[in-house]
Amino acid sequence: MATAPKEAENAISLEETHMERKESPKGQKTFTVEEAVEIIGFGRFHIMLFLIMGSTGVVEAMEIMLIAVVSPLIRCEWQLQDWQVALVTTMVFFGYMVFSIVLGLLADRYGRWKILLLSFLWAAYFSLLTSFAPSYTWFVFLRAMVGGGVSGHAQGLIIKTEFLPTKYRGYMLPLSQVFWLAGSLLIIGLASVVNPSIGWRWLIRIASIPGILLILVFKFIPESARYNVSMGNVGAAMATLQRIAKMNGAVMPEGVLREPTKERRGRFKDLFHPKYLRTTLQIWIIWLGIAFAYYGVILASAELLERDLVCGSAASPVHSSANDSEESLSPCHCHLFGPTAYHTMIISTVGEIALNPLNILGINLLGRRLSLCITMGCTALFFLLLNICTSSAGVVGFLFMLRALVSANFNTIYIYTAEVYPTTMRALGMGTSGSLCRVGAMVAPFISQVLISASFVGALCLFSSVCVVCAISAVTLPIETRGRALQ
């Protein structure tokens, strides 16, 4: 734990260096991007930034959650087994995992804005192609490519982080969860109308429209000034800062923008530098565990509600043969979603913002590490509470709280990861973390849909144990980033 004081000393030294070099030997004042961002403050530009870059969460949520609402339809159309349906989700996250690292490296070398635009074009193109998939194999491949494109959407969060003043990051970044919620609710609402009428192929085409529209407004968001100055492009960084100051009605700092150019950019081995080794490894554990729990909750919710795993329901319910449709008795096991299923999905999804106010307070008052430890510990507890005999309403209540907690976990770790790494490796740090995150997402279906059938208690205990490990990793992270200037 001696690393934390050392980091504090480094941060203090960094600030002292900035103060000392405001006066150059020739008497000319200088300032850094960090100082300019803090002096300009929060204003109209940041509101526009929040709306546009936050909307990337709408598109990402729609593309990721799309599989959940089309799975029953493709199962029937191609007569798929359970493992084949689960493989679709796994391959989406496999594409996300692979491309996340690649796009993170490219973003640190060629810029956040370019990679964000490329990722949106890529995801929209392959998403549209998916709607024309002639077979299950093509569908899996094309959705994996969509997952690869969606992985680049994380650059929107990085751009927001690098433009926000320190005291606003802990408030504005968690609010981005509202956009994910909006995207999830939008795709569920569309599915309830489009799937029964014109089919899943048209649902995918309609779902691609928001991503295409968002591309058109990217021109209003500039490249990160921190990235430009770290590449030696001081002129572009200065122009961006002046534009922000004008939009916010603020004044620029006096003097000339000066910051040393970083020659080494986005090297994978930098993540394992002694200064960041422990932080990197613990962050990876946390990302993997949070994704495992998050997608485990989503998939387990469907299993719990479908199997009615509540107290006193050990016996299979007796259904009237008159109510058994041909689809439910067909060899391909078609169980299409009805209005009740869509309503349940909406209720559980709304739970993702239930704890947002408390999460924001915890992040800013308790710090990133302790706040994450508490929410991860509560997540572990609620997984165990699902073992309690209760009514269907009780199960839905537990699932509602789990969705709220796992969402809070994601909020906190996103902020922490974006703050803990310096500009030259921030996108790579986010990319590799996102990659490990998808490993957890790839494993979750086999626990929630396979192990839970063999051992209900065993599956829940496994999810709970992983959350406990993540809670311990969170509270022992060597660096606290609350109130810490971006490096």
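Cβ coordinates are placed from backbone N, Cα and C, and glycine is handled just like the others.
In TrEMBL this protein carries:
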COMPBIAS  15-26  compositional bias 'Basic and acidic residues'
DOMAIN    49-482  domain 'Major facilitator superfamily (MFS) profile'
REGION    1-28  region 'Disordered'
TRANSMEM  47-71  transmembrane segment
TRANSMEM  83-106  transmembrane segment
TRANSMEM  113-132  transmembrane segment
TRANSMEM  171-194  transmembrane segment
TRANSMEM  281-300  transmembrane segment
TRANSMEM  345-366  transmembrane segment
TRANSMEM  378-402  transmembrane segment
TRANSMEM  450-477  transmembrane segment
Cβ-based contact of the transmembrane segment (345-366) with the transmembrane segment (171-194), 3 or more pairs under 8 Å: yes
The transmembrane segment (281-300) vs the transmembrane segment (450-477): 3 or more CB pairs under 8 Å: yes
Winner by Cβ pairs under 8 Å against the transmembrane segment (47-71), considering only 83-106, 113-132, 171-194: 171-194
For the transmembrane segment (113-132), distant same-chain residues with Cβ under 8 A (at least six beyond the ends): 56, 59, 63, 103, 106-107, 139, 142-143, 145-146, 148-153, 155-156, 159, 201-202, 204-205, 207-208, 211-212, 214-215, 218, 221-224, 427
Cβ contacts under 8 Å made by the transmembrane segment (171-194) with residues that lie 6+ beyond its boundaries: 46, 50, 54-62, 65-66, 69-70, 157, 160-161, 164, 200, 202-203, 206-207, 210, 337, 339, 342, 345-346, 349-350, 352-353, 356, 359-360, 363-364, 407, 410-412, 414-415, 418
